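For 25-477, the entry in TrEMBL reads domain 'Major facilitator superfamily (MFS) profile'. As annotated by TrEMBL, transmembrane segment applies to 18-38, 86-103, 110-129, 135-157, 169-190, 202-221, 284-308, 320-342, 354-373, 385-405, 426-447, 453-473.
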Amino acid sequence: MAGGAVVSTGGKDYPGRLTLFVFFTCVVAATGGLIFGYDIGISGGVTSMNPFLEKFFPEVYRKKQGSNSTNQYCKYDNQLLQTFTSSLYLAALVSSFFAATVTRVVGRKWSMFAGGFTFLVGAALNGAAQDMAMLIIGRILLGVGVGFANQSVPVYLSEMAPARLRGMLNIGFQLMITIGILAAALINYGTNKIKAGYGWRISLALAAVPAGIITIGSLFLPDTPNSLIERGHPEAARRMLNRIRGNDVDISEEYADLVVASEESKLVQHPWRNILDRKYRPQLTMAIMIPFFQQLTGINVIMFYAPVLFETLGFKGDASLMSAVITGLVNVFATLVSVFTVDKLGRRKLFLQGGMQMLVSQLVVGTLIAVKFGTSGVGDMPKGYAAAVVLFICVYVAGFAWSWGPLGWLVPSEIFPLEIRPAGQSINVSVNMLFTFVIAQAFLTMLCHLKFGLFYFFAGWVVIMTVFIALFLPETKGVPIEEMVLVWKGHWFWNRFIGDHDVHVGATNGKATA
């Protein structure tokens, strides 16, 4: 390897503590992750419920009722069923570009409000759906809500948090995603027991609860100092910075750096064009590659289709839904590990350790499935053997939940300078949603054709992404956003793209050392 990727920035540690006000606002903002997580968890559950399949996907329902002598890998292979899940993410991809403008022009909080309200309407349509058109239109509205929330919430959290605690508070977004997934799994388990057959309606309609939380909560959120300065309210920004850092803290240096960053950002008339400048090449690369790799970990195979996947592996009805609850619990608790370690261990160590853990567990799961089902897809899985599969899937989920899960949102949200931040976050969200859509649309077909080899396919990608992180991602923990350029300037590879004239760190200069 050509040199180390760990950089000492010599950056500032602005004074300030974690005030109750900042903690409250970050918790409220992070609830934007609930809507994303709830949808990820709920869609796979309802698509395994017989009344839902019988009403909207009768062909899949008939295949599901077939005997165990049929190919287990292919019984859910249906393009329309995959479109039900994936349409949301295509809508999120498109809406994230509009969300960038809203986030920049009217502020982060109103972008969150727009996302929550649109998701609320989509939840109502899905819960009341009478035909496929209502179902898909509802999913599209849910996608618009997810696009707005995913664009604005990570940026809001990164801007409100003190630099040394930015990782912990930003991961609150991913923690809320995991709580949403777990809540959805528990609700699916309960509603599946409703004998009248309308449980799926309750599951889909209850998406209105997390949507209502972020919609109402966003009305009480303050704007970030960065956003206020960007929109021409310097005194309001100073007062807000003073409030979030503590009234007894000297904010003059941090405020001066925010103003300098804002003045530089105003020189950028076309952020979507300027983000292609050579000096932004490191950030642009990360905004594309990190969400791309995050989806190719294979996590959405587990989270979208957990009950479907477990049924394919031989679990029955309630057992498949309970297995999804178990993985959901692991997801939540493992994310808490990341919350408390990311600002101590740093981003790189978690990325690398999580990658190795996911690799091993995917290889084991693929092999266990191969032994029982082979290439024919015909077989049965004893309880003890099935428990081993669930165990290693949980090991995989834990590895993702303290590495690529939270860090896939944290790192892109903290590396962009103010002048291109909304555009950069939009690219991050768009790439994430594009490949989420691709995986959601293709997974059941891939499972039918690749069979157990699907787990080896994702394991191969985990190797590639782990090597990418080792070589090209510098450590960003504790670095003020306004000084992040020093990290890239000090990196063995990225420093060739950044000239000395591109390094401006505000009131006083820092030094970058490799």
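Note: Cβ is positioned from N, Cα and C throughout, glycine not excepted.
Counting residues 6+ beyond its ends, the transmembrane segment (284-308) has Cβ neighbours under 8 Å at 40-41, 43-45, 47-48, 76, 85, 181, 185, 188, 275-276, 320-321, 323-324, 327-328, 331, 358, 362, 393, 396-397, 400, 404-405, 407-408, 411-412, 415-416, 424-425, 427-429, 431-432, 435-436, 438-440, 443-444, 454-455, 457-458, 461-462, 464-465, 468, 472-473 in the same chain. Note on the transmembrane segment (354-373): residues 72-73, 297-298, 313-314, 379-381, 385, 388-389, 392-393, 395-396, 398-400, 402-404, 451-456, 458-459, 462-463, 465-466, 469 of its chain, located 6 or more positions outside it, place their CB under 8 angstroms from a CB of the stretch. Looking at which of 110-129, 135-157, 202-221, 385-405, 453-473 has the most CB pairs under 8 Å to the transmembrane segment (426-447), the answer is the stretch 135-157.
The transmembrane segment (385-405) makes contact with the transmembrane segment (169-190): 3 or more of their CB pairs lie within 8 A, with pairs spaced 6 or more apart in sequence. Highest Cβ contact count with the transmembrane segment (202-221) among the listed stretches 110-129, 135-157, 453-473 falls to 110-129 (criterion: pairs under 8 Å). Here the transmembrane segment (169-190) has Cβ contacts under 8 Å with residues 18, 22-23, 26-27, 29-42, 45-46, 49, 153-154, 157-158, 160-161, 199, 202-203, 206, 210, 303, 306-307, 318, 321-322, 324-325, 327-329, 331-332, 335-336, 338-339, 342, 401, 405-406, 409-410, 413-414 of the same chain, all six or more residues outside its ends.
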